[in-house]
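A.B. asks: Take this structure first; my questions come after.
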Amino acid sequence: MFSIKWDDMDLGDVSFSDLAGSRAPARVIDHENVAVRKAAVKGTVEIIADMILEAKGNLVFLTGAGMSAASDIPTFRDPDHGVWATRDPKQCGTKEAFVHHPERLWTVLMDVVGPENDPKPNLGHKALGDLEALGFTSTVVTQNVDDLHENAGNKDVMHLHGNLWRTFCVACGLQGTNTHELLRTVKKVDLPPRCDHCHGVLKPDAILFGELLDNSIVDRASDLVKHTPLLFVLGTSARVTPASDFPIMAANHGAKVVEINMERTQLTDTCVDVFMNEPLEVVLPQIVELVRQKHLKKDPLGTSMFTLLSSVLNGSSKMPE
Ligand SMILES: [Zn+2]
Ligand SMILES: [Zn+2]
């Protein structure tokens, strides 16, 4: 029998330390009966939509490899299928290797991400972009080095591990042509691509093995996490710092935490209020569509222009039966 374990917590003036001992366990959908499960998913979608509607402040979405999986992005560190599973990162993926043989990393990139398999945002990315367009200001803090969140319309995207699609010159520091364009125009024999100004080597702006994260990005992300009313953990097991600290940090500062992952993680039982193990590209559009409908009922005039536009643009988006 499915039971609702999740209670709405009114934080009021109560500090987290008061709550820590009595924190409600995460609402988890865990039932093999298809009909029961379907009803539970629908109910949880509604709970999450209401959490978004009630949240006052900037939402934070912490995303990882699972977010881009439906876009056929190769995951770099997956031990079985990742890019480094069949290549030696010491030979081409470290800072040291890049200094001596920059063409090796560029060759890997050309083989793996371009130009004929240029990934596109999936319905999960698009749902987050749509939510922002509805007026729910949000920041995406991502461990992904792709630019699919930006392409789906999110304006504030922070890349903890850098952005593979931006490049800079290692000699003069100027920004170079973007990686998409380089992989389309430069021939393999001419790798690595070079700076237009000083002919220095161009480096993708992603963190390589042996490189440190950008402190200013980590600091700003931490600050946003401490002030958000609602943090989502999407498609990441958040096993490495600093990403692993963010959900706990948010919960300690009174935020509610929603986790959508294909498997339970170390976070599920420690700081998560609502957990779903459903594909992101399926449930995120359902959640955002429900937010849109409910938001519209509350504020029909203010959003009429958006409704008009979105009904033209997304004529096919429907809630599941
Ligand atoms: Zn070489
Ligand atoms: Zn240069």
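Each Cβ is built from the backbone N, Cα and C atoms, and glycine gets one as well.
Because TrEMBL annotations are produced automatically, they should be read as predictions rather than curated entries.
Pasting the relevant annotations from TrEMBL:
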- 38-294: domain 'Deacetylase sirtuin-type' (DOMAIN)
- H161: active site, proton acceptor (ACT_SITE)
- C169, C172, C195, C198: Zn(2+) binding site (BINDING)
A.B. asks: Do you know offhand how many angstrom separate C195 (Zn(2+) binding site) and H161 (active site, proton acceptor) by C-alpha?
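C.D. replies: With the alpha carbons as reference points, the distance is 23 Å.
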A.B. asks: Give me the CA-CA distance between the residue listed as 'active site, proton acceptor' and C169 (Zn(2+) binding site), in Å, as a whole number.
C.D. replies: 18
A.B. asks: Just counting, how many other CB atoms are there within 10 A of the CB of H161 (active site, proton acceptor)?
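C.D. replies: So the Cβ neighbour count for H161 (active site, proton acceptor) comes to 20.
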A.B. asks: Roughly where does the domain 'Deacetylase sirtuin-type' (38-294) sit in mean pLDDT, to the nearest integer?
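C.D. replies: Across the domain 'Deacetylase sirtuin-type' (38-294), the average pLDDT comes out at 91.
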A.B. asks: Enumerate same-chain residues with a sequence separation of six or more from C172 (Zn(2+) binding site) and a Cβ-Cβ distance below 8 A; give 'none' if the list is empty.
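C.D. replies: Correct list: C195, H197, C198, G200.
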A.B. asks: In the same chain, which residues outside the set C169, C172, C195, C198 have their CB within 8 A of the centroid of the CB atoms that define the Zn(2+) site?
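C.D. replies: Here the non-site neighbours turn out to be V170, A171, G173, L174, G176, R194, D196, H197, H199, G200, L202.
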A.B. asks: Fewest other C-beta atoms within 10 angstroms of its own C-beta: which of the binding-site residues C169, C195, C198 fits that?
C.D. replies: C198
